[in-house]
Amino acid sequence: MMWENWTIVSEFVLVSFSALSTELQALLFLLFLTIYLVTLMGNVLIILVTIADSALQSPMYFFLRNLSFLEIGFNLVIVPKMLGTLIIQDTTISFLGCATQMYFFFFFGAAECCLLATMAYDRYVAICDPLHYPVIMGHISCAQLAAASWFSGFSVATVQTTWIFSFPFCGPNRVNHFFCDSPPVIALVCADTSVFELEALTATVLFILFPFLLILGSYVRILSTIFRMPSAEGKHQAFSTCSAHLLVVSLFYSTAILTYFRPQSSASSESKKLLSLSSTVVTPMLNPIIYSSRNKEVKAALKRLIHRTLGSQKL
């Protein structure tokens with residue numbers, strides 16, 4: 001066979017941003033480190049305030065808390081290794097390390113897609129069927145919906161990662177990305193991957209496009225209900241409860257669809273890296289900022305938390 005004399009790959013090299021100058025990489029390190037810390041602090045703050053404040057115990061904030069946990073996980077999987085490639089040129093990653101990173105990328109990504117759809121359903125019930133909302137979105141139902149979102153991430157991550165790393169890697173080991181995403185890793189496989197690529201497309205449609213269509217359908221019904229409300233105040237109040245989620249969904253899915261539904265030949269590897277940066281680094285930072293700035297209840301809860309903290313320090 002043509003691969004008999006090739007060396008079996010035991011580690012990979014992340015190309016990351018090695019084409020840039022050392023000075024520019026240092027600037028990117030400072031930028032991404034700042035974004036990373038802001039992301040962690042912002043999402044931890046959302047988690048704390050939705051747990052501690054009695055006014056934020058509704059299903060909407062339960063799901064928001066789950067979203068913040070997912071965003072923290074997403075960042076921990078991708079950003080620390082990327083920072084290492086920028087500041088100390090630590091571009092190598094073991095075979096197991098690459099598989100682990102890819103597994104959790106799939107896990108958090110699929111779980112977030114499903115959770116965003118669940119959050120849209122919560123807003124749909126709250127606005128379109130408010131009388132039955134307490135029954136439909138009870139504690140047990142919310143826990144089941146959240147668990148289903150997390151479990152969806154487990155299933156797709158297990159199937160995809162196990163399949164990819166069962167292929168032989170016996171040639172080049174340079175992954176043209178800043179993390180172990182599936183397309184650049186699959187490009188290094190020395191076997192026929194056509195069946196896997198068909199399955200991967202099916203999984204992408206199922207876990208990205210299908211939840212997006214559910215969200216779209218929910219918001220069509222929500223907007224239709226809002227426009228039929230008689231009072232301007234009622235319209236404003238109803239829309240304000242879902243505007244933050246709608247903005248988060250727009251950011252998340254615009255980059256996801258551009259990244260995974262464009263033909264492989266239509267975009268350069270550098271533009272794909274920029275899109276991936278937007279979805280894996282920038283969006284997780286913006287989510288807590290969006291919710292804390294556009295949601296009146298979250299803003300009020302943050303003010304109460306700050307006042308309590310400052311008051312306890314004075315004592």
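The chain as shown is numbered from 1 upward.
For all residues, glycine too, the Cβ spot is worked out from N, Cα and C.
Topological domains recorded in Swiss-Prot put Thr22 on the same membrane side as Lys272. When each of the disulfide-bonded residues Cys98, Cys190 is scored by how many other Cβ atoms sit within 10 Å of its Cβ, Cys190 comes out lowest. Only pairs six or more apart in sequence are counted, and the transmembrane segment (27-47) with the transmembrane segment (273-293) gives three or more Cβ pairs under 8 Å, enough to call it a contact. Annotation: stretch 101-121 has the most Cβ pairs under 8 Å to the transmembrane segment (199-218), among 101-121, 141-161, 239-259, 273-293. The transmembrane segment (239-259) and the transmembrane segment (273-293) are in contact, since at least 3 Cβ pairs between them lie under 8 Å (pairs 6 or more apart in sequence). Within its own chain, the transmembrane segment (101-121) has Cβ neighbours under 8 Å at 60, 63-64, 66-67, 70-71, 73-74, 77-78, 81, 93, 145-146, 148-150, 152-158, 160-161, 164-165, 179-182, 185, 207-208, 211-212, 214-215, 218-219, 245, 248-249, 252-253, 256, 280, counting only residues six or more beyond its boundaries. If you average pLDDT over the topological domain 'Extracellular' (77-100) in this model, you get 91. According to DSSP, Cys190 (disulfide bond) is assigned to coil rather than to any helix or strand.
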